[in-house]
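Database features, via TrEMBL:
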DOMAIN    79-232  domain 'Glycosyltransferase RgtA/B/C/D-like'
TRANSMEM  20-41  transmembrane segment
TRANSMEM  99-117  transmembrane segment
TRANSMEM  123-142  transmembrane segment
TRANSMEM  154-171  transmembrane segment
TRANSMEM  177-210  transmembrane segment
TRANSMEM  217-235  transmembrane segment
TRANSMEM  281-300  transmembrane segment
TRANSMEM  312-330  transmembrane segment
TRANSMEM  336-357  transmembrane segment
TRANSMEM  377-398  transmembrane segment
């Protein structure tokens, strides 16, 4: 005997149609969130511009192994190669533009959502899969430093979730543990020591389910995990010896975990992520999941959960809590470090919905069953079922509303080179970037990237070299300390003795 299932509100003949309709709506929302305005959003100087510069230079310098900045090995951004290859592949496929720069990061979100939806559907049914898809569609990593930016995080999270699902599939097919380990090794090639999170999850998983794996599977899995790391390490060692690895350990490991003097950010309190989640509303889905799991544990026994759902529920909790725990211990904390946690949390939300919908009177803890009549317990659980499904639905709808507003109001890239009416009109131009005083000034990585994407050649030397340059293809870009006004642009042109061509954002373009 089961408590009234909330899905029975929908007549049986309409359930399949309703499920497909919900899938269509969520898929449309997912694609909108991933790709709408992708090529118009402004460049993020940190870390998007730096990664994209390295990707551009990899293609134009002919070295796909060593990331560079201004064609010199970059020992500030010490990420392995998979941090840069997605943008390089996007440039190759779509050309040197903002859409190509971010395409494969956005595609990573779609792949994660598609794989997770189908895996949850097969394990826990349509209702669970739709909740998972909804939570993934509106998760905070979509808009911040991940799936809509040319950063390393999107590729890392794709391999993180391939690792996650590899662990789950290995519960029935133990040899797939090696596939999970290989995905974990690829995650290292995206964000180096951030692989500590999947490493911790794998350790706990293997300890819990140790009897399912023989020593051959475990040995093969260790080898599979090390294979991509060692292959890349050998190739990189051949390029510049141990310098890159020493810097990577100093900055990415010691600098972020132990000694903040080696990092670019100071230490933060251990509760930083709890406080941060409360500020940007990511605490809402977390609270839904925590309450759903906590109240179920209060009412029901662990063995009441269907056997094939238990490992997925456990893995969901591990994937959700491990990133928060690991990065709370680290001295350096940044908001996007815990974004991988929200992907397994989406899976866990779906699984918890299925677990609640399968709740039965026989599974109620004896001490509770003795205090309430069966009908009373049934009414309470039915109400909790409804509350969980309603809370999940409201969060998905509200989250998508927020996503739409963010895309409609997104900050668009405004630059004198990239915002030209005719794309490519500055290709091959010799451009001198200067400050208001006429001295050479390349403001930041974003400005360098705009030169690269426009096909212009940035030259040092300032106003003096510009006047000496006999090329008819020369131009000068003057960077303003703030937003450029027409009055400022015209006055600067008169003062420097130059002809104003156009202005946008924080810069103005001049010729003789």
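Each residue, glycine too, has its Cβ placed from N, Cα and C.
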Positions whose Cβ lies under 8 angstroms from the transmembrane segment (217-235), at least six residues beyond its ends: 65, 80-81, 174-175, 177-182, 184-186, 188-189, 206, 245
Proximity of the transmembrane segment (154-171) to the transmembrane segment (281-300), 3+ C-beta pairs under 8 angstroms: no
Most Cβ pairs under 8 Å with the transmembrane segment (312-330), selected from 99-117, 281-300, 336-357, 377-398: 336-357
Outside the transmembrane segment (99-117), six or more residues from its ends: residues with CB under 8 Å to it: 23, 30-31, 33-35, 38-39, 52, 55, 86-87, 89-93, 129-130, 132-133, 136-137, 141-142, 146-151, 154-155, 157-158, 161-162, 165, 343, 346-347, 453
